Amino acid sequence: MRDYDEVTAFLGKWGPFQRLIFFLLSASIIPNGFNGMSVVFLAGTPEHHCRVPDTANLSSAWRNHSIPVRLQDGREVPQSCRRYRLATIVNFSALGLEPGRDVNLEQLEQEGCLDGWEFSQDIYMSTIVTEWSLVCEEDWKTPLTTSLFFVGVLLGSFVSGQLSDRFGRKTILFATMAVQTGFSFLQVFSINWEMFTVLFVIVGMGQISNYVVAFILGTEILGKSVRIIFSTLGVCTFFAIGYMLLPLFAYFIRDWRMLLLALTVPGVLCVPLWWFIPESPRWLISQRRFKEAEDIIQKAAKINNVTAPVVVFDPVEQQEQLPLKQQKVFILDLFRTRNIATITIMSLLLWMLTSVGYFALSLNTPNLHGDPYLNCFFSALIEVPAYIAAWLLLRTLPRRYVIAGVLFFGGSVLLLIQLVPAGYNFLSIGLAMLGKFGVTSAFAMLYVFTAELYPTLVRNMAVGVASMASRVGSIIAPYFVYLGAYNRVLPYILMGSLTVLIGIITLFFPESFGRTLPETLEQMQKVKGFRYGKKTKGSMEKEENSKVIITSF
């Protein structure tokens, strides 16, 4: 009995049809790149200090000394959330006293920013922070905005697969693209922080759903050899291209509302793709809609200039291919035995902490020294060689050593940032980018590694649960960035330490490189360093026979 790949083999591997699907689906991922990281500029916090009203009767000397100063990176800067008590300094100004000469400023009483703040416009003309004064006592709202976006991502990842299974890949792909674009457009008209944040949660739901469904649709339409490249270099690289476009848009559009409006335009430009991207023939067959599936393959054959059989899908043969009843599995099956539970817990930690490192480094680019737009561009650019390196390394080297190696590398260079002298800012930025390279490479490998560890029965569930753990990591990540307000190097110390720690834990995973995929829970390999009793001669022979010289790439 022939499977789908064998039935459609006459189309070839890399014809015009496959190239069209590859690039159109990859292009649909570009808006995800800048929507996923747009909060970097939408919620940017410029330098600020307390406003002193123009109506206050102050001399020029007292107006210049109305804000206390503090030391930051070896230089004196105005305090962001305090000013000298206005009534007191107005009185001193009226008496003709001079600050610093007649009055000891250190002994003056201070008060909060009762008249609001003045924000620097050197970098941003306006952000949600400047519009709704999300600073000082309200500064907790800024990381919460980002975290709630990733809560939306978490919710979207729950429902996207189920919706596409129910209503079709193509329908849900364009529906979620519409959600992402439409609600981003509605955010432009937000009247307060609460409205902006609620809409941002919905944008997050559409953002991940679009990404996941495009990934599924591509892997189901494309052949086996192209499928792997699409799921790594195609999807990931075009996400990075979208990410690189973000600082370009933000550099020329400094107002947050106009920037958000501009970011919705590429989503609108994706509408014509509806007439070029087909439904998944595999999904249509699973729904027993054989005629529609055959029409798509016939059109693909015409595009590839090949002759298709008169009958592509024999309904009787395809009906026999469809499983009558699939064995039910539950999430507790991932913790059934000590070995499986250990692998699952380590996988959850690996995904979550790698996600924390990736998103914290991505969101922290405005806090690096130098031009935040250029830093964001470099942060996106470094992802392209990271994805290529991940693809090349996974082709030839053992999984756990490769992943542990790039995590060690990324974590170590992040820990070195604290040793960089204050004047060598370019070196700090370079180390941060190298750390991003290591963490991104590891992140790109996790789907392959996790899928190879678990048997067919629970593979999708295992990858899904691990992916949920990564969403939890992305929700936590903004608060790592928030710590930088108290100490510039503290986020790097924490990220570096956690990345090195998870690199060590990765060494205890079983190796999946060069082995056939397990089919049952009993065939899962053992965690390294655990004692499970002596192996019999028969079990050792069986383990040797399971080794094959293949890779997923």
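Heads up, the Cβ atoms here are built off N, Cα and C, so glycines get one too.
Curation does not apply to TrEMBL; its annotations are automatic.
Residues or ranges marked as transmembrane segment by TrEMBL: 20-43 (among others).
Taken as a whole, the domain 'Major facilitator superfamily (MFS) profile' (88-514) shows an average pLDDT of 83 in this prediction. Sequence annotations record features per position, and here TrEMBL assigns domain 'Major facilitator superfamily (MFS) profile' to 88-514.
The feature transmembrane segment is assigned by TrEMBL to 171-189 (among others).
Summarising the annotation, TrEMBL assigns transmembrane segment to 195-217 (among others).
Only residues 6 or more beyond the boundaries of the transmembrane segment (229-253), in the same chain, are considered here, and those with a CB under 8 A from a CB of the stretch are 22, 25-27, 29-38, 40-41, 211, 214-215, 218-219, 222, 259, 262-263, 372-374, 376-377, 379-381, 383-384, 387-388, 390-391, 444, 447, 553. Residues or ranges marked as transmembrane segment in TrEMBL: 229-253 (among others).
Annotated transmembrane segment per TrEMBL: 259-277 (among others), in sequence order. Same-chain neighbours of the transmembrane segment (259-277): 20-21, 24-25, 27-28, 30-31, 34-35, 38, 41-42, 170, 173-174, 177, 180-181, 184-185, 187-188, 217, 246, 249-250, 253, counting only residues six or more beyond its ends whose CB sits under 8 Å from a CB of the stretch.
TrEMBL lists 340-360 (among others) with the feature transmembrane segment. For the transmembrane segment (340-360), same-chain residues at least 6 beyond its ends with a Cβ under 8 Å from one of its own Cβ atoms are 150, 333-334, 403, 407, 410-411, 414, 435-436, 439-440, 442-443, 446, 450, 453-454, 462, 465-467, 469-474, 476-478, 480-481, 491, 495, 498-499, 501-502, 505-506, 508-510, 521, 524, 527, 530.
Residues annotated as transmembrane segment in TrEMBL: 372-394 (among others).
According to TrEMBL, the transmembrane segment annotation covers 401-420 (among others).
Residues or ranges marked as transmembrane segment in TrEMBL: 426-449 (among others).
Sequence annotations record features per position, and here TrEMBL assigns transmembrane segment to 461-483 (among others).
If you look up TrEMBL, you'll see 489-509 (among others) marked as transmembrane segment. Long-range neighbours of the transmembrane segment (489-509) within the same chain, counting only residues 6 or more positions beyond its ends whose Cβ lies under 8 Å from a Cβ of the stretch, are 343, 346, 349-350, 353-354, 356-357, 360-361, 364, 399-401, 403-405, 407-408, 410-415, 417-418, 432, 435, 438-439, 449, 453, 480-481, 483, 527-529.
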Does the transmembrane segment (426-449) reach the transmembrane segment (20-43), going by 3 or more CB pairs under 8 Å (6 or more apart in sequence)?
-> no
Region pair the transmembrane segment (20-43) / the transmembrane segment (401-420), three or more CB pairs under 8 Å | no
